[in-house]
Ligand code: RIB
């Protein structure tokens, strides 16, 4: 039997409270929603779930509150094939929360409260160095303290573990951190915040990618919504279009893309094919409501690719 490469996802878990509204509210306005949904979310958890459902050998490092949401999340992760042995329950703390508006175009606005996610500290990580060392790849986002991301990156780097960063939510990042990232996956907004280049075309994607390569990142993948993904490796870039579907809710589309991308990379697929698979998974996710309820299983991704 061949050894299945191991992915460690380090990041946040949230409970998403989602209101589907006809349009985004103006200050002072009150609006009735078509629907209210409470669903599992959080960028780290969504990416871990996407990897688990896509068939990865995946371990998730996160922190949960000691409320019933934390227990529900833990149960859900186990159902999704995730190794939960390193997940910490924080006494007297709430599980992270996201308040989300989704408009009739399927776009979203998100406010978050860290709760237990703020406890994913370098001290917590100090108990888990061996998990990171024994991984083949580490995937992170930016909903946990930045010092934790920096230390995990340093440690993974020293041990030859591939480091992938989905730099969401958008924020500037120190060059020292970027110099140790092997794969970065910003969307257009995040790419602009990291590079100062407004990314809206192949030309601007080349410029932004060059800045990130010059800072030391090997592979730059800029997700550009309906246009697809700009993929730049060793300075050579091209656009890989996505699939055209009727999007009703884009929550976790990027997370699904990232989780499936890393799963496919660790399976040994060429970069081009991993992006196609990640695009397929994200295309399925945008046709369904919510974060984790929208994330497909491997068989659904395979069926989609056969039919498109
Ligand atoms: O990327 C989508 C996620 O962002 C949501 O699930 C929400 O929890 C926020 O973290």
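Positions of Cβ are set from backbone N, Cα and C atoms, glycine also.
According to TrEMBL, the protein carries these features:
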type     : residues                                         : note
DOMAIN   : 5-297                                            : domain 'Carbohydrate kinase PfkB'
BINDING  : 14, 15, 16, 42, 43, 44, 45, 46, 143, 255         : substrate binding site
BINDING  : 187, 223, 224, 225, 226, 227, 228, 254, 255, 279 : ATP binding site
BINDING  : 249, 251, 285, 288, 290, 294                     : K(+) binding site
ACT_SITE : 255                                              : active site, proton acceptor
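Distribution of TrEMBL features across the structure.
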residue: 16; record: substrate binding site; Cβ within 10 Å: 26
residue: 43; record: substrate binding site; Cβ within 10 Å: 29
residue: 45; record: substrate binding site; Cβ within 10 Å: 36
residue: 143; record: substrate binding site; Cβ within 10 Å: 24
residue: 187; record: ATP binding site; Cβ within 10 Å: 20
residue: 226; record: ATP binding site; Cβ within 10 Å: 9
residue: 228; record: ATP binding site; Cβ within 10 Å: 18
residue: 255; record: ATP binding site; Cβ within 10 Å: 31
residue: 288; record: K(+) binding site; Cβ within 10 Å: 15
residue: 294; record: K(+) binding site; Cβ within 10 Å: 26
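With a CB cut-off of under 6 A applied against ligand 1, none of the binding-site residues 187, 288, 294 are retained.
Recorded residues residue 187 (ATP binding site) and residue 251 (K(+) binding site) have their alpha carbons 14 Å apart, per Cα-Cα distance. Applying an 8 A CB threshold to same-chain residues 6+ apart, the list for residue 285 (K(+) binding site) reads 252, 253, 256, 294, 295, 296. Excluding 14, 15, 16, 42, 43, 44, 45, 46, 143, 255, which define the substrate site, the same chain contributes 11, 12, 13, 40, 41, 96, 98, 252, 291 within 8 Å (Cβ to the Cβ centroid), listed in sequence order. When Cα-Cα distances from residue 228 (ATP binding site) are compared across the binding-site residues 16, 43, 45, the shortest belongs to 43.
Within 10 Å of the C-beta of residue 14 (substrate binding site) there are 30 other C-beta atoms, taking all protein chains into account. Around the Cβ of residue 251 (K(+) binding site), a 10 Å sphere holds 28 further Cβ atoms from the protein chains shown.
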